[in-house]
Amino acid sequence: MTSRSTEKSAAANPAAVSKTPSPDRIRRAPKVLLHDHLDGGLRPGTIVELARETGYGDLPETDADLLGTWFRQAADSGSLERYLETFSHTVGVMQTRDALVRVAAECAEDLAEDGVVYAEVRYAPEQHLEKGLTLEEVVEAVNEGFREGERRARDNGHRIRVGALLTAMRHAARSLEIAELANRYRDLGVVGFDIAGAEAGYPPTRHLDAFEYLKRENNHFTIHAGEAFGLPSIWQALQWCGADRLGHGVRIIDDIQVHEDGSVKLGRLASYVRDKRIPLELCPSSNLQTGAADSYAEHPIGLLRRLHFRATVNTDNRLMSHTSMSREFEHLVEAFGYTLDDMQWFSVNAMKSAFIPFDERLAMINDVIKPGYAELKSEWLFQQTASTSGSSESDG
């Protein structure tokens, strides 16, 4: 049904190489993150310290560097069992109020240090109740941590705003309860709802009561779909459940045909997703780990960007994928020859798709994102001009 598109890399496009942003400019560029799991982004050192403080004794390593390596190797192992084990350890140390506050604060700090100016970070409150916390106490602790992290970032000269997405697990039966929780805290730091977990055997239609409730309440939600299970999960998420965004959505490529002459034909579902501007929360490094693509150069994001889908770049699980927003863009710059213009396109796409009011999204685009990229482009142009001038004088 589909033919994969392999976009040209920067190495095959010499004209683009001179415009390739440096790692430093990529880091300083204002970036927007829509798909990041709180329990997938802890600092290894924090895990070790929290395990000691909370009495969690199941860590595979107690040295922070060795533990970080273990997480990366487990995630890259190709074993679903080992991959899921990584989350048992992060969630295992996130069972107290103080731990949740700390993890959320450090998350905001780390993202801000990486140049992220707006982020929506998701977590499942139902997974943090083992030591007696209530759902409400979990949400309030995480919100407190995000606000503390924003303050620390400001003190360090960085600007970031973090909103929470409350996630319900697909295999459980608490989605309506979590949706109601998201609605109660929607003006107190929570910006939307999500469902996550194994797609196969747990279609989003099992949680229709939660989605129907959220639609009645005029609330926002995204659904993990089209990561592993393919087009049926995307179709159900959109047409049965009414999702505002697609968590991953990378398998929409299965409904796109690329012919030998380079022409492209979109199927009905792919056309609908593009025409309706449905945001795709693409996570390149994570997709490589799960087998959705064999390399960055073969990742569908190249074709989806060329076809003007509402594509966004995300991290998914920063610890497990050993990644950051800057690293994701570095990989894409190398694979596709992307410039600061491309980075701005992805960042504006993401900001347009955020679950905050229109005027606030517009202000972020016009007051933060566009000026930030304009400054970096001017800086690059000045350096290019100075370099050319210096070369001419030398030749003379």
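Glycine too: its Cβ is placed from the backbone N, Cα and C atoms.
These come from Swiss-Prot:
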- 1-26: region 'Disordered' (REGION)
- HIS35, HIS37, HIS224, ASP316: Zn(2+) binding site (BINDING)
- HIS37, ASP39, GLY197: substrate binding site (BINDING)
- GLU227: active site, proton donor (ACT_SITE)
- HIS248: site 'Important for catalytic activity' (SITE)
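Here the C-alpha separation of HIS37 (Zn(2+) binding site) and HIS248 (site 'Important for catalytic activity') works out to 13 Å. Using HIS35 (Zn(2+) binding site) as the reference Cα, a 10 A cut-off selects HIS248 from the recorded positions GLY197, GLU227, HIS248.
DSSP assigns GLU227 (active site, proton donor) to coil in the three-state reduction, placing it in neither a helix nor a strand.
Secondary structure at ASP39 (substrate binding site), as computed by DSSP, is helix. The two recorded residues, ASP316 (Zn(2+) binding site) and HIS248 (site 'Important for catalytic activity'), show a Cα separation of 9 Å. In this structure, the C-alpha atom of ASP39 (substrate binding site) lies 19 angstrom from that of GLU227 (active site, proton donor).
For GLY197 (substrate binding site), the count of additional Cβ atoms within 10 Å of its Cβ stands at 14 [all protein chains shown].
Here the CA atom of HIS224 (Zn(2+) binding site) lies 6 Å from the CA atom of HIS248 (site 'Important for catalytic activity'). Cβ neighbour count for ASP316 (Zn(2+) binding site) (all protein chains, 10 Å cutoff from its Cβ): 26.
According to DSSP, HIS248 (site 'Important for catalytic activity') sits within a strand segment.
Annotation for HIS224 (Zn(2+) binding site): spatial neighbours ARG170, ASP194, ILE195, ALA196, GLY197, GLU199, GLY247, HIS248, criterion Cβ-Cβ under 8 Å with sequence separation of six or more.
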